[in-house]
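Per TrEMBL, these features apply:
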- K8: active site (ACT_SITE)
- 63-137: domain 'GHMP kinase N-terminal' (DOMAIN)
- P90, M91, G92, A93, G94, L95, G96, G97, G98, S99, S100: ATP binding site (BINDING)
- D132: active site (ACT_SITE)
- 207-251: domain 'GHMP kinase C-terminal' (DOMAIN)
Amino acid sequence: MIAFPNAKINLGLNILSRRPDGYHNLSSCFIPIDWCDVLEIVESDQFQFQSTGIPIPGDENTNLVIKAYHLLKGNYDLPPVSIHLHKVIPMGAGLGGGSSDAAFTLKILNDLFDLKLPVTELEKYATQLGADCPFFIENKAKLVGGIGEVFESVNLSLEGYQLQVVFPGIHVNTGQAFQSITPEDPTHWPKDVVIKPVDSWKDKLVNDFEKPVFAAHPELEEIKEKMYGEGAIYAAMSGSGSSIFSIWEHDAEPVSFPYPSFTHQF
Ligand SMILES: C[C@@](CO)(OP(=O)(O)O)[C@H](O)COP(=O)(O)OP(=O)(O)OC[C@H]1O[C@@H](n2ccc(N)nc2=O)[C@H](O)[C@@H]1O
Ligand SMILES: Nc1ncnc2c1ncn2[C@@H]1O[C@H](COP(=O)(O)OP(=O)(O)O)[C@@H](O)[C@H]1O
């Protein structure tokens with residue numbers, strides 16, 4: 001069975017409070033985007049994992065795809081599988097690619113072996129793999145709270161707009177980025193801003209990670225400012241960075257950068 005785990009971007013990302021377990025409560029609007037990996041899982045004689053495309057750092061057993069398989073295997077009598085992950089989504093980019101691979105692994109195994117796990121159960125398993133993972137189970141634009149596992153539907157349409165996402169190659173460590181933030185309530189909440197026209201979002205829809213990450217990497221802020229300077233309606237960093245995205249009128253020509261990038265007409 002083959003699937004195409006996609007990335008996400010954060011429209012606004014406010015870090016509200018630090019919890020006793022070290023995690024942070026946040027408020028954001030997540031939207032899926034069509035920048036995708038390729039993930040194939042088939043039944044096999046023995047467990048096998050192969051990855052191609054962008055090399056994934058770290059020991060193979062830290063790969064979230066393998067962790068997702070073992071998590072389900074702990075509770076279900078799963079046969080061995082052969083997994084092929086073709087990595088396209090940049091990593092450490094604030095795009096949630098690894099989390100998406102993990103969530104799609106759960107969904108494929110659920111379908112392949114007819115486990116009949118409902119969405120709520122899949123989301124619980126996904127939360128054990130990473131705070132961003134449960135979003136990719138339903139994989140629809142959502143207002144997100146808690147540490148990333150509390151969802152509210154949102155009436156958001158970007159139809160008629162164009163999205164640009166640029167990955168400038170700087171890898172941001174998510175855990176360290178959270179440590180550099182002083183949590184507080186925002187002046188404007190994402191749920192109130194994203195339902196208004198896109199041209200009202202600037203300065204209201206804020207990603208709290210921008211301040212510390214831009215201070216460490218001023219070239220990222222320059223990319224955002226260049227997007228605004230060339231006509232973007234809204235521009236911001238996604239997640240803990242370092243991807244910068246911008247929203248344009250459908251007939252605009254987004255400024256180009258010498259980095260991996262993705263554009264999409266909604
Ligand atoms: C910041 C966000 C926003 O969408 O995205 P990315 O930049 O990673 O894409 C997410 O909250 C990232 O979620 P995810 O990357 O799954 O986090 P995890 O693997 O669970 O945790 C990585 C590190 O971030 C910290 N963390 C994560 C989520 C959260 N709500 N509070 C935290 O403090 C954890 O303490 C951990 O040290
Ligand atoms: N399947 C996977 N794809 C990408 N990264 C993975 C995967 N499994 C584990 N990782 C680890 O997670 C880290 C963060 O990757 P990713 O989730 O794509 O970025 P981000 O958290 O910035 O959205 C990577 O640097 C890598 O060490």
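Placement of Cβ uses the backbone N, Cα and C atoms for every residue, glycine included.
Where the annotation comes from TrEMBL, it is an automatic prediction and has not been curated.
Note that the structure is a prediction, hence the values are computed from the model and not measured.
Everything TrEMBL records as a feature, shown here on the structure.
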residue: K8; record: active site; contacts (Cβ under 8 Å, 6+ apart): F30, I31, P32, I33, L95, G96, S100, D132, F135, F136, S238
residue: P90; record: ATP binding site; contacts (Cβ under 8 Å, 6+ apart): I54, G97, F167, G169, S243, P260
residue: G92; record: ATP binding site; contacts (Cβ under 8 Å, 6+ apart): H171, V172, N173, T174, S242
residue: G94; record: ATP binding site; contacts (Cβ under 8 Å, 6+ apart): I9, N10, V172, F209, M237, S238, G239, S240, G241, S242, S243
residue: G98; record: ATP binding site; contacts (Cβ under 8 Å, 6+ apart): N63, L64, M91, G130
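Non-local neighbours of the domain 'GHMP kinase C-terminal' (207-251) in the same chain are 8-15, 90, 92-96, 132, 158, 160-174, 177-178, 180-181, 186, 198-199, 201, 257, 265-266; each lies 6+ residues outside the stretch with a CB under 8 Å from one of its CB atoms.
Secondary structure of the domain 'GHMP kinase N-terminal' (63-137), assigned with DSSP and counted as helix (H, G, I), strand (E, B) and coil, comes to 40 helix, 7 strand, 28 coil. Proximity to ligand 1 at the level of Cβ atoms, with a cut-off under 6 angstroms, picks out G94, G96, D132 from the recorded positions G94, G96, G98, D132.
Secondary structure of the domain 'GHMP kinase C-terminal' (207-251) per DSSP, as helix, strand and coil residue counts: 19 helix, 11 strand, 15 coil. Taken in sequence order, the recorded positions K8, G94, G96 that lie near ligand 2, meaning a CB under 6 Å from one of its atoms, are G94, G96.
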